[in-house]
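Q: Shown below is the structure under consideration.
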Amino acid sequence: MSEKHPGPLVVEGKLADAERMKLESNYLRGTIAEDLNDGLTGGFKGDNFLLIRFHGMYQQDDRDIRAERAEQKLEPRHAMLLRCRLPGGVITTRQWQAIDKFAAENTIYGSIRLTNRQTFQFHGILKKNVKPVHQMLHSVGLDALATANDMNRNVLCTSNPYESELHAEAYEWAKKISEHLLPRTRAYAEIWLDQEKVATTDEEPILGQTYLPRKFKTTVVIPPQNDIDLHANDMNFVAVAENGKLVGFNLLVGGGLSIEHGNKKTYARTASEFGYLPLEHTLAVAEAVVTTQRDWGNRTDRKNAKTKYTLERVGVETFKAEVERRAGIKFEPIRPYEFTGRGDRIGWVKGIDNKWHLTLFIENGRILDYPGRPLKTGLLEIAKIHKGEFRITANQNLIIAGVPESQKAKIEKLARNHGLMNAVTSQRENSMACVSFPTCPLAMAEAERFLPTFVDKVDALMTHHGVSDEHIVLRVTGCPNGCGRAMLAEVGLVGKAPGRYNLHLGGNRIGTRIPRMFKENITEPEILASLDELIGRWVKEREAGEGFGDFTVRAGIIRPVLDPARDFWE
């Protein structure tokens, strides 16, 4: 994209303060251990507020009661979000029972939140329960290491591919990549698991003493499903199979969706194709991409620090050549691949060995016992009898995987009795939101709490126009950081202020095109009025099989984003 304007390999200038914090942290220890014992505050102070992110936690507070507590001269009700490391979203039923118990007994909200990065989060962990949550995870073979901040985050892997044999191989690679790129510091084990300090000096051969310039996200994807939304990620391994066996990967680098309102130096970007590599080079290439970004990423401006900006600054070919040099390989030409969809296949799907997979739609990924729909209890009951595993999907749903024919009826009965298989519209299945209020400190507008009733209204429009059995990929994100992946939707809403959103149009169903802003800072009635008109036109004027996003581009309603570094804001 940007070979015309190659810039410096390293950005000189005053380093961002986060770089000082990492350097002085003694490999991510800081004074977290001492801070844990400070009962005068429910939060972590100073650098520790940011350092705990490397340990998989964010400090939050309940924004619904923030003003009320301030009036009472009380500090905000601090509580932690904890995000588990769960490559490929695979979790055993024993592990599920442990996290269910912890959520019920030791969190403010009592829920498990499935995320669109294939893991789960606990919201509302008080400071006194922070150490116990890490110890509980460790006791069942899990951890929260490197699920936030400037590291390689949770590695995604296609959940329910059409060829299940490939899933086992791809999942193993997702785990290997995750383990290979983990930090080597013993800080996590010392602070949370009470393991002894070792006399040897810490070293970080891959990540370095100041870790990465910014967050880094990786996927393993099995076409034709793009359920993991590869273009939202820094590094993507697209599976290439021959005769049903995995033989290598196409590598795509430099995707990312977060922007800052009004900051023209920020933009969403799809990933660039680097080439094909045989399986045996996977870890060397993963390491080479990460270390190139480690050394060349912008450490002076965190808003321009992600891999997508490094690629645009130095040029795709320059970055690719450096990866080849470090990995000691030459990429082969990209092998053919195509995507046909990215939604989950809700309901039963037959896999190999006569085993079945049941994908359950979980609205917003929020697992809780609702009136008449005790979802959390239902999943616990299934976990008690299911001998296979659960898989969390990148669409915030849950798969009961590996069900033998003999257990199928029993598991389906439990699911139906607990409201886990209630019929929902295609539109609802293809709509998604991030958490946003009340817990996210960055939220500008509602997302998770807004989505269910908003989808009711979109469903009414779809019915009115005679397309109630069809869908538009709809995403709502509460702020421009973009966790809801609205920047890969056919209709994307990006929070601007309470009750107000920027409306983006022109993405496509398979998630390979960035949508452009259509209207700025508008209310729900204004959004619905626009959609009413546009859905009406789509139904009347579309070509056979043409999705809503493709139609808005072809009809000239919105110009496609072709080169985001230059035309995203036009």
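In case you wondered, yes, glycine gets a Cβ from its N, Cα and C as well.
The [4Fe-4S] cluster binding site annotation in Swiss-Prot covers Cys434, Cys440, Cys479, Cys483 and rests on sequence analysis. Residues or ranges marked as siroheme binding site by Swiss-Prot on the basis of sequence analysis: Cys483.
Structural setting of the listed features?
A: Its Cβ placed at the centre, Cys440 ([4Fe-4S] cluster binding site) has 21 other Cβ atoms within 10 Å.
According to DSSP, Cys483 ([4Fe-4S] cluster binding site) sits in a coil region rather than a helix or strand.
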Q: So which other residues, same chain and not among Cys434, Cys440, Cys479, Cys483, have a Cβ within 8 Å of the centroid of the Cβ atoms at the [4Fe-4S] cluster site?
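A: Other same-chain residues near the [4Fe-4S] cluster site: Val435, Ser436, Leu442, Ala443, Ala447, Thr477, Gly478, Asn481, Gly482, Gly484, Gly495.
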Q: Given the binding-site residues Cys434, Cys479, which one is most crowded in terms of C-beta atoms within 10 angstroms?
A: Cys434
Q: With DSSP assignments reduced to helix, strand and coil, which class does Cys434 ([4Fe-4S] cluster binding site) get?
A: coil
